[in-house]
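Chemist: Pulled these features from Swiss-Prot for this protein:
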type	residues	note
DOMAIN	3-247	domain 'KaiC'
BINDING	G30, G31, P32, G33, T34, G35, K36, S37	ATP binding site
Amino acid sequence: MVDRVKTGIPGMDDILYGGIPRRNVVLLSGGPGTGKSIFSYQYLWNGLREGEPGVFVALEEHPVQVRINMAQFGWDVREYERQGLFAVVDAFTSGIGEAAKKERYVVTDPEDVGLLIDVLKEAIRDVGAKRVAVDSVSTLYLAKPVLARRTVMLLKRVLSGLGTTSILVSQVSVTERGFGGPGVEHAADGIIRLDLDEVDGELVRSLIIWKMRGTKHSMRRHPFEITDKGIIVYPDKVVRIGRRVSIE
């Protein structure tokens, strides 16, 4: 029997045959505006509601903005932070600014992966985290793509070793076929790709699970929506991308 972590995202656990296998490190890959951050927020929030503490690593946005973004969907994490069940790791500000001085977990040099991992370990242990999201892991190797696989492997050892089930957000360009860095797809346990394609003059969101160690999963591309309550995946519908895109 596979021990699974439910994402809690409507429709997502159906195409994962029940959820992400525990301790898996999943690469959440996609272009700009595809919903990667929202997916990771929703995953952490649903964990909190199920009694699973979490950690969010902010590499691309100010921690204050992260909390605002989450609250817009009704996911106010501040009470969980006060209870010691949720933490934001500030790997964005380098500790600069008045708001940053109020953050408990600050990475003073976000380009120092070793330092980031030390602060992340502290946060995971302090809150007893079961779920972690890093947004985005690509930021750690933008200047040196050759380090992509090594960076993901380092994070995987720590995250899996500490018993967490984790999402690493990975940025790709709109036209890029890969997953956001050379070799990262081999280092991750799972890959979920989010896309945005034009259909008859409208943008359609879809996702596909490229791989997921330890479980069967849907091999089809499914449409999803972003609502005011978060992401909804439609497991019974399929998006076909060829010379033209169609939904069935």
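From the backbone N, Cα and C atoms, a Cβ is placed for every residue, glycine too.
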Chemist: For G30 (ATP binding site), what is the secondary structure state per DSSP, taken as helix, strand or coil?
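Modeler: In three-state terms, G30 (ATP binding site) counts as strand.
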Chemist: Using all protein chains shown, find which of the binding-site residues G30, G31, P32, G33, G35 scores highest when you count other CB atoms within 10 A of its CB.
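Modeler: Sorting the candidates by Cβ neighbours within 10 Å, the top entry is G30.
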Chemist: Tell me which of the binding-site residues T34, S37 sits in the most Cβ-dense spot, judged by other Cβ atoms within 10 Å.
Modeler: T34
Chemist: Suppose the ATP site is G30, G31, P32, G33, T34, G35, K36, S37. Which further residues of the same chain have a Cβ inside 8 angstroms of that site's Cβ centroid?
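Modeler: So the additional residues around the site are L194, L196.
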